[in-house]
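Summarising the annotation, TrEMBL assigns ATP binding site to Ala29, Gly30, Ala31, Gly32, Ser33, Gly34, Lys35, Thr36. Annotation comment: TrEMBL describes 8-287 as domain 'UvrD-like helicase ATP-binding'. Taken from TrEMBL, the feature domain 'UvrD-like helicase C-terminal' applies to 288-565.
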Amino acid sequence: MDVSRLLDELNDKQREAVAAPLSNALVLAGAGSGKTRVLVHRIAWLMEVENIAPFSILAVTFTNKAAREMRGRIESLMGRSLHTMWIGTFHGLAHRLLRAHHAEAGLPENFQILDSDDQYRLIRRILKSLNLDEKHWAPRQIQWYINGNKDEGLRPHHIETHGDHTQQKMRDIYAAYQEACDRAGLVDFAELLLRAHELWAKNPDILANYQRRFRAVLVDEFQDTNNIQYAWLRMLCSGNTNNIMIVGDDDQSIYGWRGANIDNLHHFLKDFDTPTTIRLEQNYRSTGTILKAANAVIDNNQGRLGKELWTQGSEGEPISVYAGFNELDEARFVVSQLKDWLQQGNALKDSAILYRNNAQSRVLEEALLHEGLPYRIYGGLRFFERQEIKDALGYLRMVNHPHDDAAFERVVNTPSRGIGDKTLTQVRDTARLHNCSLWQASHLLISEGALKGRAANALQGFTGLVTELEQQLLDEPLEEQANKAIKHSGLYAMYQAERGEKAQARLENLEELVTACKQFIVPEEADEMTPLAAFLAHASLEAGEAQAQLDQDAVQVMTIHTAKGLEFPLVFMAGVEEGMFPSQMTNDEPGRMEEERRLCYVGMTRAMQKLFITYAESRRLYGQDKYHTASRFIREIPSDCVLEVRLKSTVQRPIHNRFSRATSHEAFESSGFQLGQRVRHRKFGEGIVLNYEGSGEHARVQVNFDEYGSKWLVLAYAKLEQA
Ligand code: ATP
Ligand code: MG
């Protein structure tokens, strides 16, 4: 291969990084400057020029999707398949290690991954078994505490409580939780990382093996590594035979709330052997205007490492800011702009709607559905996290590994088979007493005749069903296993009996699960596992980063956190108002405001050509209407980068960052009505004025009627009255 090809389409600084001599290196650069591109070319360079085998390369990405894309790009650059190269997320890689060395890691061969929802349920059960009241010991907080300690590498016996009663109790809960996990062969997400770290710490020969193997280690989005991930990398590279290149941007550190430590960027420079630092400064992603605006916003943060970003590209269009009257109006505006985008001959998949909180997606989704625009949600309502899917997976997990207590609890009485709380308490107590799984405890109780007639029959019904399923599923292809589990467990019939739209959607999801099984290809790293075990691990790890078919042209909908590293020609940032973004909680914690601002920077720099920022002046939150003003982040954008948008009929005029309610709707209000006003219509009854367009005899208003929903009416004919 002509290696100069690997340096084509790179600027001088990027080339310097790609062709750097083997040593440790930090590539520090702002958004869209080609950090990820550098990593891709660097990996190809290492193989081609430094003769490092794919087998000896370890690359870490932030999401599974990013890992797949990176592998695809390197393979197309090299023109061959590179299956022996390890590319994945920290969690994915840790999982792989633990599978390969489960015995040394103290895990059963078929250990299961406990996702965040399962973890929460398990914690609640532990609290119950310890007779602790959830009111005083909030399960979410315990979950936070356990994961936080694991992220710091701390086991219960490491934790100093200084005689503090609450601290001691928390530590005891953590210990009881961990015992329950160990007993059932369950590994939560934080545990994956901690175990993988301990595996190496306790087994120097295994560590040495990987140190010899991975001559090159590469890490993307390094600014968001947490302490245990950092320690893991450091241990791997302590053999001095490895070279590590990390790329990152301190301005894009947005997971501090989840334990990521921005200081790891600084630590890297002193903990690793003589690293070189390379800075990239040219941005290839966004227009000049978007870049100028994003730079101005992030400039309000203190103590940055400092980077100047410039672009050769055109200035592009101004950023459009739209003040919705409420969140429905905001969503409607976004959808109308998307329709324009589509009409101009663009593809929907080139557009993204980003928001601060998952809960914001519902209104946006409804608006998209209403207009029939296909969309794909990343994160949030994840496919593999839905109730019915987790039920079905629960049965599959029982078949795969009946000692999986989390799965047992999930499905033992779903569908209902008359197993009451009392029986379950007995099962749990027995399990604790004998230090065995719930499954074993059930058998014990049944064989000892310790249960009364009806209870015994009910529990036996369940154990019998699982045993039967196990036999029926034997040697079946994966999709048939899923199909049988769904049907024979009674899940399908249960949702069928429920009726209604929601139940229908659940049935469709169950069918989709069978399809997912059919499409599932056992990944290389899981070739020693059964297809079922591999699929279950996949379901836990990926939790459906995307859920719709990939080939469909659809708007991409996700939180800003999820959008990290991605780019789209058209971007909407919705809900950019004080109290939402920055969020209400920001004022309570030091450093949070700066993290929110970095999040805003990440969001804005996802846009390539056109950025819309929208907010709602009033928003219904948790059943209450809240009134908000434009976010300070909007006010931090230089006014020459911004255009306030009015709907079609009205003229677009530049604004000087005066986002007040008073000035925005003057024209309409001269007609005698106001946005937000209650009105009465002869036929449709009462409703609220949501929007308007046009003027004179063409003026139309949109009214959200209490009974009939939202309608557009010609003002001249509608004969609206004030209600
Ligand atoms: P982020 O900080 O958001 O993760 P990044 O620094 O990783 O961004 P990339 O995603 O690698 O940036 O690159 C941004 C865009 O610029 C991509 O579309 C990439 O293909 C393009 N790009 C990067 N370098 C060049 C170059 N030298 N010539 C042309 N396009 C480039
Ligand atoms: Mg990147």
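Glycine is no exception: its Cβ is also placed from the backbone N, Cα and C atoms.
What TrEMBL annotates, mapped onto the structure for a quick look.
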residue: Ala29; record: ATP binding site; CB count, 10 Å: 25
residue: Gly30; record: ATP binding site; CB count, 10 Å: 27
residue: Ala31; record: ATP binding site; CB count, 10 Å: 25
residue: Gly32; record: ATP binding site; CB count, 10 Å: 25
residue: Ser33; record: ATP binding site; CB count, 10 Å: 28
residue: Gly34; record: ATP binding site; CB count, 10 Å: 24
residue: Lys35; record: ATP binding site; CB count, 10 Å: 24
residue: Thr36; record: ATP binding site; CB count, 10 Å: 20
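Cβ proximity to the ATP site centre (mean Cβ of Ala29, Gly30, Ala31, Gly32, Ser33, Gly34, Lys35, Thr36, cutoff 8 Å) flags the following additional same-chain residues: Asp249, Leu280, Asn283, Arg285.
Proximity of the binding-site residues Ala29, Gly30, Ser33, Gly34 to ligand 2, judged by a Cβ distance under 6 angstroms to any of its atoms, singles out none of them.
Summed and averaged per residue, pLDDT over the domain 'UvrD-like helicase ATP-binding' (8-287) gives 93.
In the three-state DSSP scheme, Thr36 (ATP binding site) falls into the helix class.
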